[in-house]
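Asker: Would you mind keeping the following structure in view while I ask a few things?
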């Protein structure tokens, strides 16, 4: 009100400076309100999901504008029986290993579950991740469902977050080794990017922690949970081995997809190309898993001299194989979960 009074009062000699100051303050307040309103809107889950899907769609449109729809169609038409059978076997091993990793960490945090239950829930979460934007909705659902069944949502959510974080960390470590040895064409680009991303993440967390006592307390608490989940040497080693096995199965599946589309790539070279695709696929900005994965595959194959079209076709088939492998098991797991809930209610 004081600012409005100064703004509306008749001008007097010698009052120009205070009026100008008040006007600036009013503008700052209005600008701050707009910023807060925008932050509130962007903070809504559906807005974040829409932005992620939009980014993935834009990437796909850009790829199609660049190379056309031919590579995508070739990838789809390359699907055959032997390829599906091999992918089903590799996906089963990868999902079993990932579920074992989750079970180990969940048990350490006091929300243990049977391995068979973990496998079913993991299949379902992977299927949801392949059909919904962002690639994390399935993990959130898995954490909530397990937390409700264990009546401890907090520790269950931490278990899922920790096992996923460990899996990503192991994948990045494998990427550094593989790209440093076999990916010379693009190692000079990707390795510095990985380093910058890690340093930026650590610096960001450190900066926020230094600026806020509440954040420091929260980080201290979460570090304690990490120690609880991975504090045992035996559990940590088993979880890392499981993560390596998961990554190896995904790389093998991509190699099968590349061979199926007719990309003649030596085994060690397809290993480097595959890790680039996996890194891009883990970025939570996509349209049901599509977008950055195909873009990275086209770029990496082109850089390695195998042609962008071959990379896009391989990534397309890889995405289709993921859907084919996850869907049946996810439906079975969901049906089993529904039956179990009905029995518990009755």
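Glycine residues also receive a Cβ, built from the backbone N, Cα and C atoms like all the rest.
Source: prediction; values computed, not measured.
According to TrEMBL:
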- 49-69: transmembrane segment (TRANSMEM)
- 81-100: transmembrane segment (TRANSMEM)
- 165-184: transmembrane segment (TRANSMEM)
- 190-212: transmembrane segment (TRANSMEM)
- 233-262: transmembrane segment (TRANSMEM)
- 268-289: transmembrane segment (TRANSMEM)
- 296-314: transmembrane segment (TRANSMEM)
- 320-339: transmembrane segment (TRANSMEM)
Asker: Residue list, the transmembrane segment (81-100) vs rest of chain: Cβ under 8 Å, 6 or more residues beyond ends.
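Answerer: Counting only partners 6 or more residues beyond its ends, the transmembrane segment (81-100) has Cβ contacts under 8 Å with 115, 118-119, 121-123, 126, 163, 167, 238, 242-243, 245-246, 249-250, 252-253, 256-257, 260, 317, 321-322, 324-326, 329.
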Asker: Rank 165-184, 233-262, 296-314, 320-339 by Cβ pairs under 8 Å to the transmembrane segment (49-69) and hand me the top one.
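Answerer: Answer is 296-314, with the largest number of Cβ pairs below 8 Å.
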Asker: Where, among 165-184, 233-262, 296-314, do we find the most CB pairs under 8 A to the transmembrane segment (320-339)?
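Answerer: Of the candidates 165-184, 233-262, 296-314, 233-262 scores highest.
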Asker: Which bits of the chain, at least 6 residues beyond where the transmembrane segment (296-314) starts or stops, bring a Cβ under 8 A of a Cβ in it?
Answerer: 63, 66-67, 70-72, 74-75, 78, 183, 185-186, 254, 257-258, 261-265, 269, 272-273, 276-277, 279-281
